[in-house]
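K.L.:
Feature table excerpt (TrEMBL):
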- 5-198: domain 'CobB/CobQ-like glutamine amidotransferase' (DOMAIN)
- CYS93: active site, nucleophile (ACT_SITE)
- ARG127: substrate binding site (BINDING)
- HIS191: active site (ACT_SITE)
Amino acid sequence: MEINIFQMYPDLLNLYGDLGNVTCLKKRCEWLGIQANIVNFSINQEVSLQEGDIFFIGGGSDRGQSLIYSHLQKYKKQLEELIDENKVFLAICGGYQLLGNKYIDAEGNEMPGLEIFDYETKSEEGRLIGNIITENTLGLKPDTLVGFENHGGRTYHDLQPLGKVISGYGNNGKDEKEGMVYKNCIGTYLHGPLLPKNPHLADYLILKALERKYEIKSLDKLDDKIEYSAHEKVIKLYSPR
Ligand code: GLN
């Protein structure tokens, strides 16, 4: 079995080591005996998106974001179709914001998004920074997701969230929602080592890609003692008392 992981704009969207999540997917595939090919897609490095099984879009500074926002517009329809065909997407922070209608930065400049989902993000005073714990809505065990967030943008929507906030801010610091899920497309504000600290989410993404391509229904269990000790540590340190 073989999957292609498209790393979108690795030169412009890689805040807090977000690309480590792609390394994590590749490594887990290797341990599971699945060939994973990493394909880079960027400005002046465009390749056909049709071959992708998993698409990873990391977070970016407002500058990086504005560069790719205009570039990606010509792929809008294609990306929308790929999401509808159940391809797997993981979009972090700036990447997550991009899938909505627009992002309005701290100076009030508007960047049109891909309008795939009906939400917008507005930067407000005071960044939402820190460790975060949520309860996932995907039915994964353990039911928690842990991570780190750092965003000025506030996103509001009525879609299925990825998690219910237990501790931290999430989409906007108000409605206790974190991220979004639509088919196999996940948006989230959880930066950095999201997948290494949440191996159940990593395997969920791999399984969804394999299910679609090869009708595989389950994955072998890996030894995730170290990964879950990191997961547990975040819960121990940052759970509300
Ligand atoms: N510029 C966006 C914000 O601050 C996204 C930044 C990021 O990806 N961390 O909301």
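Every residue, even glycine, has its Cβ placed from backbone N, Cα and C.
No curator has checked TrEMBL annotations; they are predicted automatically.
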K.L.:
Based on Cβ atoms within 10 Å, give me the single least packed residue among the recorded positions ARG127, HIS191.
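P.N.:
If we count Cβ atoms within 10 Å for the recorded positions ARG127, HIS191, the smallest count is at ARG127.
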K.L.:
In sequence order, what residues of the same chain, 6+ apart, have a Cβ less than 8 Å from the Cβ of the residue listed as 'active site, nucleophile'?
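P.N.:
Long-range Cβ contacts: LEU15, ASP18, GLY58, GLY59, GLY60, GLU149, ASN150, HIS151, GLY153, THR188, TYR189, HIS191.
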K.L.:
Could you check what DSSP calls the residue listed as 'substrate binding site' once collapsed to helix, strand or coil?
P.N.:
strand
